[in-house]
Amino acid sequence: MADPVLSDISHRRFNLLRGSWVLVSPHRTKRPWQGMQESPSKTTLPEYDPECYLCPSNTRANGEHNPKFDHTFVFVNDYSAVMEEQQEYHPDNKDGSLASRLLRAEPVTGKCYVICFSPSHNLTLADMSPAQIVPIIETWTNIYVAHLDPKSPLAKLAPATTMPPLSQGDLTAPNAQYRYMQIFENKGTAMGCSNPHPHGQIWTTTSFPEEPATEFVQLSKYRQEQGGCHMLVDYTDLESKEKIRTVYENEGFWAGVPYWSVWPFEIMIVPRQHKRALVDFTEEERAQLADCLAEITRRYDNLFETQFPYSMGLHQAPLTGTEDEIESSHFHIHFYPPLLRSATVRKFQVGYEMMAEPQRDITPEQAAERLRACGGELYRHKFGSESPPSTNGVNGVYGAH
């Protein structure tokens, strides 16, 4: 159990996943705030917007026409951050010059996708039932499977999955074996989003990005030092017993505020058993994951009775890699939301956070307690609203946010 004194004194907490530290300063929540305040959304969106680039049957900015889809819809990002074809670059790192030692670059190619969560222009994950979220998880899984290295042990599980195949005919197989797939969603204009139709993105690259690669080092080290045990299995078991940072849990998953969290109401969703990637989940486990996603996003919106902004991302095994990289990986989902005190006051990572180390004000235990209390019906449904308010933009399709 956390020592009660930590609720009153400044202290540091160790981030097991990154091998780094975060400064916790609980007393700072008492300081007056005269800084920037975000404007909460007051706009009500229609179920269909004829001007939206992502609604069914509409024309996108590049002239392509969306089909009249009735569930999830996936297409290659019209303004991808990485491309499959580009001019070749061969860095000269062997000439021994000072520039070759200090000025380093390497080419990155890949493929980026957009996934519309549903045809409805006004349905965020918080508005959706677990049954409506399951097709999103199935789509994530299908795209992950389509990019797996055929030699990966994960590829052998693909025929056993029960998801329906992707129906979009314009999606073609990748022209190279990519290293990693990052699935994520940015919700809200506070997170730099440019289109209000709820959707996420998938970036697949030849590189192993820094965040999941850093986590892998810690996951692998723990497994080696602890006789094959998995860090997040042990951590989830501990948190489930302690309860104080747990926000929601079901038979298959734990969801709570990590002991080392940086953002005020940060959440991590972790399977209780060792699961390397999406392809490891059974049909029942996908339903349990959908249940967790529905619960967490609804509690976020209920917390300040607003469309709660966040960046959410999945970390899992690379598409191709060593046996240790695949077997030490443990699927989990991060939610990084910026709001701090209310629907209008956000947390900024500046000053000390940028120059020294991350810092947070309220403790993870205090944040979890507040989120636990936000269960139940979505706040806006209590007011008899027939359609949910604006998401303030969900996930920038046309920008790298």
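Each residue, glycine too, has its Cβ placed from N, Cα and C.
Nobody curates TrEMBL annotations by hand; they come from automatic prediction.
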Checking feature assignment: region 'Disordered' per TrEMBL, candidates 22-41, 82-101, 382-401. Which range matches? 382-401
Return the count of C-beta atoms lying within 10 angstroms of the C-beta of His199 (active site, tele-UMP-histidine intermediate), excluding that atom itself. 25
The binding-site residues listed are Cys55, Glu215, His332, His334; by CA-CA distance, the one closest to Lys347 (UDP-alpha-D-glucose binding site) is His334
How many Å lie between the Cα of Arg28 (UDP-alpha-D-glucose binding site) and the Cα of His334 (Fe cation binding site)? 25
Let me know how many other Cβ atoms fall within 10 Å of the Cβ of Cys52 (Zn(2+) binding site). 18
